[in-house]
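Chemist: Dropping a structure here in structure tokens format, bear with me for questions.
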Amino acid sequence: MTTMMTDSGTASDSGAGLVDSTRNDTTTTTTTTTTPGDNDADDDNTNGTTTGHHDNNETDNNSKSYSSTHHVPAIDNTSTTNANDNEDAAGFLDRDQSPLSSISSPLSEPDNFEFDTEPIPSILSPKSTTSDNHARDGETPELDEDGQPPAKRRRVRETTPHNHSRKPKPESPPWKKFEAEGPTTIITEDGRRKSGRVNPVLLGMKPSDKKVTRKAIQTSPVSNKSSASTSRKPAPASSSNSKHAPAKMPPPPPPPKAPARKSATTHETRPSASRSRRRSPSPRRPATPPKPAAVGTRRSTRQALAHSRASYDDGQLSPGASRATPRIKLKVRPPLTVIPLVHPNQANVRPKLGPTFEEYFARAHEIPVEEGGQHIPDEEPKYTDEMALQDAKVILRVEKEVEPGGLLAPDRCSAFEPEAEEEPPRQWAHLDHLTKAMTNFRKLMYREQQLHMQAAKRIAIACEAEWRRRNPQPKTAEEIELEEMEASKAKWRQVIRAFAGTWENVRVEVNRRRLVEWEAEEQRRVKAALNQAVNLSEQKLQQRQAQVDGDEITDEDEDEDDEDLASGMPSVMGDEKESDEHSDQGSDEMSDENDEDEDEDNMSSSEDDDKKSTASDEGLTQEELRAKYANLPTLGTTDETEETTKDVEMADAPAAMDGSVANDDDTSDESVDMDDDLGSSEESDDDEEEEEDDEEEEESDDEPAGLLGLFFGKSELKKLKEEAVTEEPSVEPAGDVEMTDASAALRPELQVNGHAHEAPITNGTHTNEQLASSQTEGADDEVSLLVIPNDEIAAENTQTAAEPGSGVVEKDFLTNDSSLKYPNEIVQSENQTLPAKESVEAGGDLPMVDAPSTDDLQRETAAAPSLEAPPNTRHDSQETVAATDMQSQSQTQSPKTTDTKPTDVDTPHSELAVSVQKPDSRQSSPQPTTPTVKTEIPFLLRGTLREYQHHGLDWLAGLYANNTNGILADEMGLGKTIQTIALLAHLACHHEVWGPHLVIVPTSVMLNWEMEFKKWCPGFKILTYYGNQEERKRKRQGWNNDDVWNVCITSYQMVLQDQQVFRRRRWHYMILDEAHNIKNFKSQRWQTLLGFNTQARLLLTGTPLQNNLTELWSLLYFLAPPENGEGGFVDLTEFHNWFARPESQILESGREQLDDEARAIIAKLHKVLRPYLLRRLKADVEKQMPAKYEHVEFCRLSKRQRELYDGFLSRADTRETLQSGNYMSIINCLMQLRKVCNHPDLFVDRPIMTSFRMSRSVPADYEWKEKFIRNRLLATKPMTTVNLSFLNMIPTEYEDLSKTHTDRIAQLSSHRILLDLREAQKVRANNAYTALDPSSVKSNLVYLESAARWGRFEELQHCVYINALRRQQRPIYGKRLTEFLTLDTHLRPYKPRPRVPAKIMSWFEEDSFLLHNAIPTLQQRAESMEMTITKFACVTPAVVTGPEMNRFLLGERGIQLFEDLDLKLSAPVKYAPYMPPQPPPDPWHEARMRLTIQFPDKRLLQYDCGKLQALDKLLRKLQAGGHRALIFTQMTKVLDILEQFLNIHGHKYLRLDGATKVEQRQILTDRFNHDPRILCFILSTRSGGLGINLTGADTVIFYDQDWNPAMDKQCQDRCHRIGQTRDVHIYRLVSEHTIEANILRKASQKQMLDDVVIQEGEFTTDYFNRLSVRDVLGSNGEVIASNEDDVAANLAMDRVLGGPSTTGAGGYDGTADGGGGASQPPVRNVGRVLEMAEDREDVDAAKAAEKEIMQDEADFGEAGSTRPGTPGDGLADLDGQLLGGEENKEVEDEVIEYNAWGERMHTIDEYMLGFMAKALEGTPLELPRDRKKGRDRNRNRKGKDSRKR
């Protein structure tokens, strides 16, 4: 179908699809004849004419329907163009084909063109309708049935065709039976598409005034070839683009000159097929116009086309169509992201590149497109004249070949050939089937032939061999030679194979040595990087100190610097005014000491202000800096005389004393750069020359910054380095300056005359501000670690604010220590103006100093007690410091872990002070202290906070004030929830921040958090977000309104389900309870929460370290994610490189055997954690906390358990599995062993025993013989005996009948009636008798009817006989007489019931109940024997047979008697008048069932398990002592067994697991705490760690061991927490000599790791029964096994779970490629593997119980701390293996031989090793595969062994 579009539509297409997006009012004129049902499609066409592309399918369908109903003369796509326009366009195209036309015509931006919005009237029709379906003025628009304007079509005729009368159809072709009279497709009103062949066209679907005539359909001319080919394609809506323009249209009159505006803004359609556009399927959304072609962008082309089109438009206007149509203006709202231009100056006008177009195009090809030119690097070179000529030649040649006779002529070119019609597939005929069968049969015959030939060959060879065997012949020379050749070849292959194997071994050995060298080099690199970072931070600190000492600071400079620093960094107290006042006060004091500072200028080695020299220090190494500043004097000495001497050139004694104090504070472990990099971000406003020097140093600052990357991004690091350079204007600082020992320098100076000098504290000649700055820049974490409380300090703090150097670096998480203002620990940064005496008296101890004596420490501690005194404090020796950093020469005061136990100073406590270690090994709780806390308790908080909770609030408030995230890691039970609520209340009261806050908690404690909020802070509006989808949707009403609620409490599952909702909201504080849920950074939970929009984050967890350091890193990175790709925490690889060594040593050999380097690294880790982690233990903060005792109860296996355990281990497949390397199979075996230990029913249930039922008994085989004998020998002939009963000749046969009954039968006799019926039937049968005539069907039917009548007669005759026989049955005496005369002797000794009713009452009175009790009935006897039968009828017969055995034992009569008796006993009895009769109970049912089915005894549940036996004794003891217990287990099935156990013993209990509803958990918890009658509460270990308070119990019983000790620790804290008044006893049930002892050992090793890294001596009040554990574990930590099978199981467990037996010093298993041992799974993934090894139903139950905190445990798998094995003497061992043990000794004794060149002669092995090493030089070394990546790739390989073979 081809259509005619208006010039507007043509213009839209000719303009390369570029239209104004704000205008959509272009009008079109359409034909008045429309296809019925095309209204919807036409609306789409009209609405989307100029703005979009129409859908291909819609266009195609519309075109088809239009073609089928409108037979109008075919008009080509360019029919809208008149002849004049064609001539103009042709002339223009000729001009455009010149070579330089494409270059000379300027380009223009397509977006700048606009089209005239005035509609262009139709060319041919006097009427036209607008695009909005409104008629013109004076016309009434016609509406269709829907009330919409009719569809619009272009008219193709001047007049409407007449409605001719119907003409006969043309004759149909012979291959067609009928032809469609109307449209083949009808679109109904509801938009459905129907076929027009079977559905008539309704009149209502046609327009009212436009009728489709049949003549219009029939008079359609045949389209030409091109139009036909075009009609098959989807016709575009604006089909004005065509290659050929027909000349059928008469040329219009010459048009007048068009207006300039119209000629400038309208365009003519280019005759290019690529420029045509398709309409969008949606008319409302204008589609983006397609990118115009390169030629179409030339402005000259568009102008020419616009001019020609405008001429054509003006010429086509008629008077009737010249009226203007209403203009529609669509206002499009600009996007919100675009700032509107309100002034011309806001527009970014691009400067002109040339005054004229010629100059522009001369330069445009060199200027990039982005800058306004035409140069595109990726495009082809400039279009030159030669290229244009070449293209023109190609075009001319194509035109020439198109002519007749050319290659492209229609008669020669294959492109013009019609497409071949697809032939229909030919149906299979008989010949086809026959051919297929023949082919198949041929294949089978050929295959059979081949098999026969092969068999014949084999038989021939076998015959030949057999013939030679039977007829041996002497071998010929050729045969002998052939055999020798084969033997030689075999030997050669063997030698080559052995030789290749030897070289392969050599290659493996060389690679092993290379790997060892690489590992050593890698360790050196890591250590060097660590030391370099430490040295760099220390050098920066020393440079700043030396620079401050030698710099002359004027009052103005000092004031300006202080003001800039104070204004540039946030104040600690949040008061900018106080900060400014304190800065001014400090600057005045500094100006008073300028004379002293001038005396220190000789500290500098040069007096000039060479900034380049100072800046160049950043790029120098440590050795170069030492050489450069070797002549600098030290800042302090180690004794009192050196401090006061004049050689140091100090100003005065107070200054020297202050220097010692500052040195004491600044000295630190030089190997620790974690906090050295926490320097302040001081800003100085130096001159521009210093800024230029900073820019020169930027290149050197881009290198890696070591541990600085832990805390700062690249931009912050660069800024810090620039500031460090600008702070050194004239002084060249010293490289390594000897730091003064505090114990030698501070104390004597402080104790002069019993009091300290009343002088300000200075650092050498440092002033107070300089001291604060240097301390902030330094790396020491004493500021964040120690608290020196005093009322004077508190008073002073109210007047002073942070020093300029104590600011925070923007919003970085891990900022400097002084910026993390913990309670009362802002000593150096806020109290620098305090005199020395006040400082000492206030603080007692200066932070982290080497105490000279215990008395001094006690005296200082007594002067001002600290917040928390750690129970054990010990400092390392000088050797430890030397081992940490060999280059450091100064003694450090960084805390170390001692040989026996680490000090609590190393723990990440934020508020600690040094105390004295008590001689007792058992440490008690510290003495109460009264420190000063600055953060007030918010008035919104109801209740009273404990002292340590108030300090926690102060710490949290300090974190928020410094824009820092943190971890509140208090031990379970210390009230982390209350402290969090207090923090939110503090934000509301003091910062006026009410929210919104997001609190994410486990599902089980959601309601608990809501109750705590309502109890402690009822002023908050709480939204508990949970429920189904509809409930959550209802709760989200008013979600973005801050006044609806303040705190949203939800669970981890809800966050994952509705993460999009939570992401869109900006949260002020996001708090995660039980934060170990996000310990896996690969889990969906971690990644989802990481992307939330939050201002601050807080993590609450009682176990910050559960398994390894990867989990700790996940928490740290979650708190400090990088912003815009910069900053954030260090990556995981670097973090593991720092701290992998101590972790592996702890897991291998325990905490006591750590080397000095590992201890130093542990100290560094503590310093990393201190700034943002608060960890308090119950023993440290609670003065009246009850003690906690831990016991291990070893349970002997029961007999059944031992049999199952040993039997499983002794299996061949079990041994093979334990020795294999497939860890899934090993874990499966270990899980089965654990099930046996927990209860044997978990491993295999006690069966319900039944007897074996034989299908046939043994005597049944003789049944046929017995029947044969009876039939043969005992057979009776019927004719020889007379049946008297049949003859009715036995008088007493009917005595069971009553005479009355027989008389009544005789009275009601119907004998006569039956006789009459018989006779009548006989007559009918005789009359209808017919002989059999099978000749016809009719005769057969007549015979069948006759036979039926005779059959009826015989039936009636039999009835007459039976009736007469029964009528004659009469008794002699009758039933009543016999019953009356019968004595009930079977009822004796009971008196029979009288038959006279009058005597029944006397019979009841005479009945004796004693007689009834003496002689019980059968039912009473069965009830009395029920207990005996139940207890002792427990042995079922081995075999039972069928019922045929009874017939041989009892006979037929016996069986009949038993059956009759059974029927009588089971007859229903009516017990009550209105109750239906019921059968009596079977007395033999219980005995029959007991002897048929043997159910296991309930008592065996306890006696089959050693743990339950021990638990029974333990519960009895607890119940007698008034204790209550919590019983924890891992497996859900064990909970079921415990329920049965408690039910058997009658104990009251409650059960809680993951399947318990959220609403019920709090109810169960409250019920247990308030009901002392409940003895036990059985829980799952997973549900035990969900923040549930069960202080009503004082005993915790672990039924089985969890491989993760953190889970057990959480379970203990359910009852050992605040509110517990009694001592807590913990019992662990461990099966002795089993795998559980090894699990206990592994848990102890992980606990050691937690003690060293996090706790540092956590169990101070836990009196663990270590002797019992040592009895099992042995002296070396190995489990004492009872037999070889136990040893194999323990070794397999070590291989799988990781242990000393399988990991070397490095952690990789002993081989280089890991093939020698099991593919070790991650330690944290073992729990998941154990779940996979369990039964399916157990796994489902465990998932339901652990869904709150273990939902994504499969993702939580992380690799344990593993490192490559230490080579040791592996090389020598391998040499010994190659040479042999004895031969090696002989080689050592031999004399060394030399060759002719005087070189030592080596062995072949050495030669091979050297040769291979030389050959492998430069080749890539295969490094050990990363276990984590390997697990990720092989995660889908469930249980497959993926090791290298």
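All residue numbers here begin at 1 and follow the chain in the order shown.
Cβ coordinates are placed from backbone N, Cα and C, and glycine is handled just like the others.
Since this is a predicted model, take the numbers as computed values, not measurements.
According to Swiss-Prot:
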COMPBIAS  1-13  compositional bias 'Polar residues'
COMPBIAS  63-84  compositional bias 'Polar residues'
COMPBIAS  168-180  compositional bias 'Basic and acidic residues'
COMPBIAS  216-243  compositional bias 'Polar residues'
COMPBIAS  283-292  compositional bias 'Pro residues'
COMPBIAS  663-704  compositional bias 'Acidic residues'
COMPBIAS  762-777  compositional bias 'Polar residues'
COMPBIAS  888-897  compositional bias 'Low complexity'
COMPBIAS  922-933  compositional bias 'Polar residues'
DOMAIN    957-1122  domain 'Helicase ATP-binding'
BINDING   D970, E971, M972, G973, L974, G975, K976, T977  ATP binding site
DOMAIN    1510-1660  domain 'Helicase C-terminal'
COMPBIAS  1704-1718  compositional bias 'Gly residues'
COMPBIAS  1769-1781  compositional bias 'Low complexity'
COMPBIAS  1826-1845  compositional bias 'Basic residues'
Chemist: Where does G973 (ATP binding site) sit in DSSP terms: helix, strand, or coil?
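Modeler: It is coil.
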Chemist: Please compute the mean pLDDT of the model over the domain 'Helicase C-terminal' (1510-1660).
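Modeler: A mean pLDDT of 82 is what the model gives the domain 'Helicase C-terminal' (1510-1660).
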Chemist: Around E971 (ATP binding site), how many other C-beta atoms are within 10 angstroms of its C-beta?
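Modeler: Result for E971 (ATP binding site): 22 other Cβ atoms within 10 Å.
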Chemist: Taking the binding-site residues one at a time (M972, L974), which has its Cβ surrounded by the most other Cβ atoms within 10 Å?
Modeler: L974
Chemist: Indicate the candidate from K976, T977 with the smallest number of other Cβ atoms within 10 Å of its Cβ, considering only these binding-site residues.
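Modeler: Relative to the other binding-site residues in K976, T977, T977 has the fewest Cβ atoms within 10 Å.
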Chemist: Write out, in the order they occur in the sequence, the residues of the chain not among D970, E971, M972, G973, L974, G975, K976, T977 that have a C-beta within 8 Å of the mean position of the C-beta atoms of the recorded ATP site.
Modeler: G1102, D1613, R1617, I1618
Chemist: With Cβ-Cβ distance below 8 Å and at least 6 positions apart along the chain, what are the contacts of D970 (ATP binding site)? List them in sequence order.
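Modeler: When sequence neighbours closer than 6 are ignored, D970 (ATP binding site) has G952, K976, Q979, G1102, L1174, R1175, R1176 within Cβ distance under 8 Å.
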Chemist: Across all the protein chains here, work out how many other Cβ atoms are within 10 Å of the Cβ of G975 (ATP binding site).
Modeler: 20
